[in-house]
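J.: Questions regarding the structure given below will be posed in turn.
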Amino acid sequence: MPRIPVINTSHLDRIDELLVDNTETGEFKLHRSVFTDQALFDLEMKYIFEGNWVYLAHESQIPNNNDYYTTYIGRQPILIARNRNGELNAMINACSHRGAQLCRHKRGNKTTYTCPFHGWTFNNSGKLLKVKDPSDAGYSDCFNQDGSHDLKKVARFESYKGFLFGSLNPDVPSLQEFLGETTKIIDMIVGQSDQGLEVLRGVSTYTYEGNWKLTAENGADGYHVSAVHWNYAATTQHRKEKQAGDTIRAMSAGSWGKHGGGSYGFEHGHMLLWTQWGNPEDRPNFPKAAEYTEKFGAAMSKWMIERSRNLCLYPNVYLMDQFGSQIRVLRPISVNKTEVTIYCIAPVGEAPEARARRIRQYEDFFNASGMATPDDLEEFRACQAGYAGIELEWNDMCRGSKHWIYGPDDAANEIGLKPAISGIKTEDEGLYLAQHQYWLKSMKQAIAAEKEFASRQGENA
């Protein structure tokens, strides 16, 4: 029997036609069915969210021995636990007996987990320690042999500088290979402190009525900022004009993109949007400019302090260092519903004044009650509703195509960054093209795998 039922892909034989990438005619567009088709969503969950690397958590969220943290890989509940020796393990958060979730809170500290359903007990490395009422239970000889009834470990589980990723597919390439050039951007965030990063207390989780790709695109959409977030831009500009009232010292949205910026599309669907700040002196880490220059060089220091960065690690997380510093994690619930969870991040050992400013900037722009997030969610809802208008089939992505650069631009060359495509303006849309090219490649591989699986089933019937 198949581990997961075969997905019917018979209507997807012409999937190549869903993405138009024509450099001769200048047409770059995506068919809107990719946001609404149930079979495509099922393939995405199985092959992108469960069959490739996804972000799980940050090590600072499981800091102590015996701490645990719960999350998801696609549809499957995951438990990350630090055992008594300090080792991290990632396991399916389901009892090996009858499948009940073991850990039912987001986080905690336990040396063992006892299933509330039938009382089986596991240690925090996943080993089955005992079952309830074992005497004269009549278990088969094969019961609990060679770890047969231990918790199921996640097939691949790796960390990059504190960021934890997992995959249910044992054959994925190494995490370092998957992240590729984006590690240089991650290093900019982590390098702000010799002690690394930490996730601060507090979390905001919300859902919106729309496909997951809407937020995957939007976090690197520089074109929407002045339209959707005009109220925030006006508010921060008003504060700047009345300096006495600007206790938050928010980063200037009114000057977004006016001092330079751009975007990059990388292999494996990753993206980066960046801008040159109009007021870098209000960044929490601005006092460390000389230290960064000495440690990393002038070019890297400039990128770390004077430039905002929205980094999408495809498919499910943004690392943002801009109006606030945050980790934004998306989780598809259904083809037209998505959950988003955001955390404020900061360098370990940050000065109290800088930490307070960082938190206030984060609260100002983000959170479900911030001045920006609700605006984005309304546009996601409106887009998903608009996709029902199937007579208008395409999303256009040609903005900036006349000046896209295939490969690195001058700003990327400053730090040896090697993107697949560079947009020289923040409003350019070529980075979406790179992301959707990877999506299409993944979907074609998924369809081929499903057809092969269906064929083998037919032979064995």
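Note: Cβ is positioned from N, Cα and C throughout, glycine not excepted.
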J.: With His224, His229 listed by Swiss-Prot as Fe cation-binding, which of these, Asp67, Asp364, Asp376, is given for the same site?
T.: Asp376
J.: How far is it from His229 (Fe cation binding site) to His97 ([2Fe-2S] cluster binding site), counting Cα to Cα, in Å?
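T.: If we compare the Cα positions of His229 (Fe cation binding site) and His97 ([2Fe-2S] cluster binding site), the gap is 50 Å.
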J.: Please list residues from the chain of Cys95 ([2Fe-2S] cluster binding site) whose Cβ is under 8 angstroms from its Cβ, counting only those at least six apart in sequence.
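T.: Set apart from Cys95 ([2Fe-2S] cluster binding site) by at least 6 residues yet with Cβ under 8 Å, we have Gln101, Leu102, Cys115, Phe117, His118, Trp120.
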J.: Compute the C-alpha separation of His224 (Fe cation binding site) from His97 ([2Fe-2S] cluster binding site), stating it in Å without decimals.
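T.: That separation, Cα to Cα, works out to 50 Å.
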J.: Take the mean position of the Cβ atoms of His224, His229, Asp376, the recorded Fe cation site. Which other residues of that chain put their Cβ within 8 Å of it?
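T.: So the extra residues in range turn out to be Asn218, Asp221, Val225, Ala227, Val228, Ala372, Asp375, Glu379.
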J.: Around the [2Fe-2S] cluster site recorded as Cys95, His97, Cys115, His118, what other same-chain residues have a C-beta within 8 angstroms of the site's C-beta center?
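T.: Not counting the recorded site residues, we get Ser96, Arg98, Gly99, Ala100, Leu102, Phe117, Gly119, Trp120.
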J.: Can you give me the Cα-Cα distance between His97 ([2Fe-2S] cluster binding site) and Asp376 (Fe cation binding site) in Å, rounded to a whole number?
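T.: So the alpha carbons of His97 ([2Fe-2S] cluster binding site) and Asp376 (Fe cation binding site) sit roughly 43 Å from each other.
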